[in-house]
Structures are given as structure tokens and as C-alpha cells.
Amino acid sequence: MQLTAVGLNHQTAPLSIREKLAFAAACLPEAVRNLARSNAATEAVILSTCNRTELYCVGDSEEIIRWLADYHSLPIEEISPYLYTLGMQETVRHAFRVACGLDSMVLGEPQILGQIKDAVRVAQEQESMGKKLNALFQKTFSVAKEVRTDTAVGENSVSMASASVKLAEQIFPDIGDLNVLFIGAGEMIELVATYFAAKSPRLMTVANRTLARAQELCDKLGVNAEPCLLSDLPAILHEYDVVVSSTASQLPIVGKGMVERALKQRQSMPLFMLDLAVPRDIEAEVGDLNDAYLYTVDDMVNIVQSGKEARQKAAAAAETLVSEKVAEFVRQQQGRQSVPLIRALRDEGEKARKQVLENAMKQLAKGATAEEVLERLSIQLTNKLLHSPTQTLNKAGEEDKDLVHAVAQIYHLDK
């Protein structure tokens, strides 16, 4: 089985497909353990973010696709058009590019590197990684660090979090006059909330499944932040001008009916809603309502392109560095794969040497001259070492040109 990757991202699949193939954080340990113990793969890492789901494996790509479809109870033909399947070298290149932010919606964004590290940590905890994936991701983190240190690819990047504030400012002139509701209390919400907090909104509320986690985030945000439970949403939604949601829920949290009731109470005041979750937290039909401005991760593309031109120049240098590191890694791995063969070859040579030497000692004991023994020894050793390759070449026909070329290279006969 070889190193391979199967996946889809914001470039190959719309949100409606990506959300069907996303892995919830709570399910990820069981999923990666299951994959690494299936007939599809012997090693596995699953990366699942709002913009991509990727399975890095040592395995069979067709079986991995079948496993992915079965896991999500989807027909293969429904997901296949959106998937990419990568061979060994392209898997290495892709992993390096993703970690460097070169494949991100926001060119050079740093958050993806942390997400890859989290995915690797989960895989390690589930013992689903072996020598090949460990080597790949150790090199991936090293390359990402070098690219981000030696190039300007990540400078001036507009993050999804900062873009959220920019988008809200297009609808409301002053964030300071707004009540902002955050649904969820994970990493993405914390990043977005931090940007909003810098604009000093009138009120910030964090709604979460557990009050303790909501309170923890409120404590970080400042005095004008308060916690509440998700179950409170129907009663309080109308009080907020901005709603940002990003949870790990597999089902929508905010439905069209809930928003309709909130809009009636708001009396035509606009409600800005940003759904950064995959799968989506807010029903898509909410976008059809008057005075409800619903945006998803796919709607953020134009906003996050700010400063992209300057970063693209830096990206060219980053791509060159990535290509060099890919070639270096592939050479190292191919060298390691040859080690057992080299050992076996040397063992065979040593075996032949001992046999010929034993014969020579017997001849000397019988009174043969040293010259005769050395002559016979050299002929026997030559015959033993060349017997197997000579036999193989005699059997090889014209169609086996690769073998003939390989032998010519090994013995430097192609000059």
C-alpha cells in the first residue's frame, strides 16, 4: 500500500456537498481509528475543516473513497465528482501546500496549520499513524515553518475572523451600537469574537450547550459579554443585530421559523447572520427572508481576497521552496525503501564470498598453489555474483526494456 490522499475542498465542492462529508470533532477519533483498521488503509489522518475534508492514508484510494461514502451513508456516485485522489508524490506536495496556506481560501492563512496539527494529534492518540504518515507530517510541519519564516506569504492576510467584522460593517455603520450574539464557543467563535470585541459593541452574548464554556469565553472577551444556553435562543434572538454561529452540531440550530419570529419583533430592523459552521448551523431558507442577511463560508471569498496580490508574489517563492522540499522528501523515502533490498543484496554477496573462500581453503589444504587457488576463486566469485542477473537478462525479452535499462545503470554499462 502506498501513501495517498483523498479529499475535497472549497475549490472542488460547494458547501452543500462539503457539509455532508464533514467529520464532527467528537466523531473524529472513532472515524480515524475505524479507517486505519479497515481494508482501505493501514495508516490514516483525517483533516476536516469548514473548507476541506481530506483523508491522508497509506492505503488503496478506491477503497478509501468507498469507506468515506459508507461512513457518511452516501452513494459513491454522489460524491465522486467532487473528490480528488492523489498519488504518493502529489500527496506530499498537497500536504506541504495546505500546511503553508497555499491551498487556502485565504492565501497564507495560519489557522490551517493548527488544524492539521490537531488532526495529527488525534490520529496519534488513536494509534492510526505509522512510519510513513509520521515521516510525512514531521516534514510537513518543518516545511510550513520554513515557508512562513522565509517568505511573506502569510503577511497582510485577511482572516475569516477579521472578514466577519468587515462584512458586518458593510451593513451597520458603527459596530459600537450593536448587540452581537455568538453561537458556539470553539476556536473559530473565539477568533471572531475577539475581532468584534476590539470594536466595542454595546453587548456581546455567547450561547453554548454548556454555560461554563460560554462563561469562560465571556471572561476573555471583557465586561460587556454575557453567557447563555442554546435553549435560550428562541426567546432572545430578536435582541441582536449580528449573529455569528460556528458549532459542531450535525443539525441546524437556528431555523427559518425562529428567525421569522425574531424579525417580527425587530420591526424591519435588519439582522446580519454569519454561519461559519460546516455542516451549517442556520437553515439555508433563512436567506430568503426580508431583512435577514445570511452569509456562509463560501460567501466570504471576495472579502478575504484583500491583499491577495502582494501575497501571490510571495506565494511564487513559497511554491518553489515547496517543490524543492517535495523532491527532497521523496528521495529520502525512496532511499529508505531501498534499505531492506540493499541489506539482502549484501547478505547474498557475503554468502557467495564465504562459499568461495571455503572452497579456496580446501584447495590450499590439498596442496594447490596459491596462484591456482586465487585464479579459481576469482572465477567462482565472478560467476556466483553474475549468475542471477545474467539468467534474468536472458529471460527478459525486448518488451522488458525497463529491466535491461536498470541493469545497465547499476553496472554503469549505459555510457
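Backbone N, Cα and C define each Cβ position, glycine as well.
Now, the feature entries from Swiss-Prot:
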| type | residues | note |
| --- | --- | --- |
| BINDING | Thr49, Cys50, Asn51, Arg52, Ser104, Glu109, Pro110, Gln111, Gln115 | substrate binding site |
| ACT_SITE | Cys50 | active site, nucleophile |
| SITE | His94 | site 'Important for activity' |
| BINDING | Gly184, Ala185, Gly186, Glu187, Met188, Ile189 | NADP(+) binding site |
Discussion item. Given the recorded positions His94, Gly184, Gly186, Met188, Ile189, tell me which ones have a C-alpha lying within 10 Å of the C-alpha of Gln115 (substrate binding site).
Written reply: none
Worksheet item: Setting Thr49, Cys50, Asn51, Arg52, Ser104, Glu109, Pro110, Gln111, Gln115 aside, what same-chain residues sit with their Cβ within 8 Å of the center of the Cβ atoms that define the substrate site, listed in sequence order?
Response: Gly101, Met105, Val106, Ile112, Met160
Worksheet, complete the sentence: If you measure between the CA atoms of Ser104 (substrate binding site) and the residue listed as 'active site, nucleophile' and round to the nearest Å, you get 11
Worksheet entry | NADP(+) site shell beyond Gly184, Ala185, Gly186, Glu187, Met188, Ile189, criterion: Cβ within 8 Å of Cβ centroid | Phe182, Glu190, Leu191, Val192, Leu217, Ser246, Thr247
Worksheet item: Any idea what the Cα distance is from Cys50 (active site, nucleophile) over to Pro110 (substrate binding site), rounded to a whole Å?
Response: 15
Discussion item. Assuming the binding residues for substrate are exactly those in the record, Thr49, Cys50, Asn51, Arg52, Ser104, Glu109, Pro110, Gln111, Gln115, what is the maximum CA-CA distance in angstrom, rounded?
Written reply: 15
Response to the item:
Same chain, |i - j| six or more, Cβ under 8 Å of Gly184 (NADP(+) binding site); the result in sequence order is Ala207, Asn208, Ser245, Ser246, Thr247, Ala248, Ala277, Asp281
Item to complete: Work through the recorded positions one by one (Thr49, Asn51, His94, Pro110) and name whichever has its CA nearest to the CA of Gly186 (NADP(+) binding site).
Response: Thr49
Item to complete: Calculate the distance in Å between the alpha carbons (Cα) of Ile189 (NADP(+) binding site) and Asn51 (substrate binding site), and round it to a whole number.
Response: 16
